[in-house]
């Protein structure tokens with residue numbers, strides 16, 4: 001049997017990789033270099049290229065350079081312009097197309113692959129900042145609005161690919177960590193991006209940023225676009241335990257759009273999460289324009305933006321740790337974090353209500369500077385707004401990731417999330433463009449956040465289990481257990497306890513050496529190539 005097994009694996013001999021956990025070589029589908037450590041430093045080894053860790057870092061740095069820099073520009077309020085009306089209209093176009101494309105992006109990603117999806121998504125960010133540079137020179141509002149709409153299409157694709165990688169690549173007990181790592185690196189883009197306008201405008205109290213700011217962002221986004229093409233295909237990814245990512249091997253346009261519909265029908269509980277998806281970016285227009293732009297001058301806005309994204313990193317780290325606590329079961333972690341998030345919602349937005357009562361849209365631009373005596377209180381509030389954004393989105397992503405491990409299904413979930421999220425953002429940008437009262441905007445944010453959590457609570461409390469069975473995930477795929485669990489016996493965490501009613505042929509690929517209460521020794525040797533222990 002050992003010879004037969006060697007012959008069976010010979011077609012993959014050039015692509016074997018050591019399993020760091022079991023010390024067993026397992027067959028893989030990619031070139032051998034993908035499974036060798038990128039580099040070594042003493043006893044420490046960097047993750048291999050086709051590992052979930054390395055791919056997460058790669059996607060994180062793409063988002064660091066593209067949407068991270070976009071966030072830094074948006075965080076200036078009005079895209080760094082004095083007149084935010086045209087920028088608001090552009091953002092409305094952006095999030096409108098984002099909402100439509102994002103909702104269906106899972107089907108597109110499953111059909112064309114995550115690398116092409118991510119790469120197509122990276123292009124729009126470069127063009128958008130180019131339109132802001134053009135607007136800063138000649139006030140070409142048409143180009144700005146077109147670039148916003150085009151970015152919406154691209155962003156829907158990029159964020160779907162990102163969500164699929166972040167949620168489906170890690171093992172179940174590491175999903176909180178993966179979300180936190182991504183969020184920290186991604187928001188580091190906002191932090192560093194905010195340093196650019198802060199440095200260039202530190203000695204200026206003018207209303208808009210200079211051309212050099214936009215050129216610096218253009219260069220960084222171009223690097224991010226090139227980096228997109230380095231993403232490995234899903235079929236090459238192998239976790240440290242030897243398991244693979246569950247995908248669909250032979251997707252067609254028909255199968256993927258039908259699959260999108262099947263997700264909504266067969267996993268209809270996800271609809272209860274839709275209000276949380278809607279709320280997750282609803283407050284951006286309020287934060288950036290109705291607080292930062294309305295209350296502070298340009299250099300203070302740049303400082304606030306820096307602190308906002310810095311606190312996002314803190315929020316993601318804290319909640320990522322809480323979501324992966326080893327001392328609690330996964331259902332209890334879901335409940336605990338729901339309660340903490342609800343308490344944080346009431347505390348931070350309660351402070352926001354007290355602040356919002358101090359000024360209205362009719363007050364005009366207040367132009368508070370960080371040297372003013374009244375700056376400290378609003379500064380801390382704005383920092384905690386950033387903390388809350390990361391906390392809310394980290395929890396929402398984790399709740400989604402706890403419902404499945406199937407990359408195809410999670411790509412659809414991520415598409416739903418980003419599409420509906422963007423519809424909410426478009427709604428707020430539209431409200432701000434129509435000069436809606438600041439307090440009305442604030443009330444819509446706070447009310448939607450609390451209401452959405454209550455609507456989603458049945459999913460969080462009753463649908464999240466300790467583990468998702470492989471059999472359940474494979475129902476939404478054309479792969480088999482052998483495809484995703486590997487060929488060794490080091491994978492028992494994926495198995496359910498078996499009973500004597502199973503036949504040896506049903507489980508022979510994955511069973512460990514059996515006791516004499518199971519089927520005869522000859523059959524077990526045929527499946528494991530290991531002698532059966534004697535009682």
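Using the three backbone atoms N, Cα and C, a Cβ is placed for every residue, glycine included.
Whatever TrEMBL says is automated annotation, not expert-curated.
Looking at 3-24, 25-46, 179-200, the range tied to transmembrane segment in TrEMBL is 179-200. Of the listed segments 269-286, 287-304, 413-430, TrEMBL assigns transmembrane segment to 269-286. For the transmembrane segment (212-232), the partner stretch with the highest count of Cβ pairs under 8 angstroms, out of 93-109, 116-137, 179-200, is 116-137. Simply put, out of 54-73, 93-109, 116-137, 336-355, 336-355 has the most Cβ pairs sitting under 8 Å from the transmembrane segment (438-462). Below 8 angstroms of C-beta separation, residues 59, 62, 66-67, 69-70, 73, 79-81, 86-87, 90, 94, 105, 108-109, 143-144, 146-148, 150-162, 208-211, 214-215, 217-218, 221-222, 224-225, 227-229, 231 of the same chain, each at least six residues beyond the ends of the transmembrane segment (116-137), sit close to that stretch. Listed by sequence, the residues of this chain that lie at least six past the ends of the transmembrane segment (143-167) yet keep a Cβ under 8 A from its Cβ atoms are 55-56, 59, 62-63, 66-67, 70, 86-87, 89-103, 105-106, 108-109, 114-115, 117-118, 120-125, 127-128, 130-132, 134-135, 175, 178-179, 182, 228, 231, 397, 400-401, 407, 410-411, 413-415, 417-419, 422. The stretch with the most CB contacts under 8 Å to the transmembrane segment (179-200), chosen from 269-286, 306-324, 336-355, 375-400, is 306-324. Same-chain neighbours of the transmembrane segment (269-286): 74, 88, 91, 95, 263, 385, 389, 392-393, 396, 399-400, 403, 413, 416-417, 419-425, 427-429, 431-432, 438, 441-442, 444-445, 448-449, 451-453, 455-456, 458-459, 463, counting only residues six or more beyond its ends whose CB sits under 8 Å from a CB of the stretch.
Beyond the transmembrane segment (336-355), the same-chain residues lying 6 or more positions past its ends with a Cβ under 8 Å from any Cβ of the stretch are 319, 322-323, 325, 328, 377-378, 381, 384-385, 387-388, 391-392, 395, 398, 442, 445-446, 449-450, 453, 457, 460-461.
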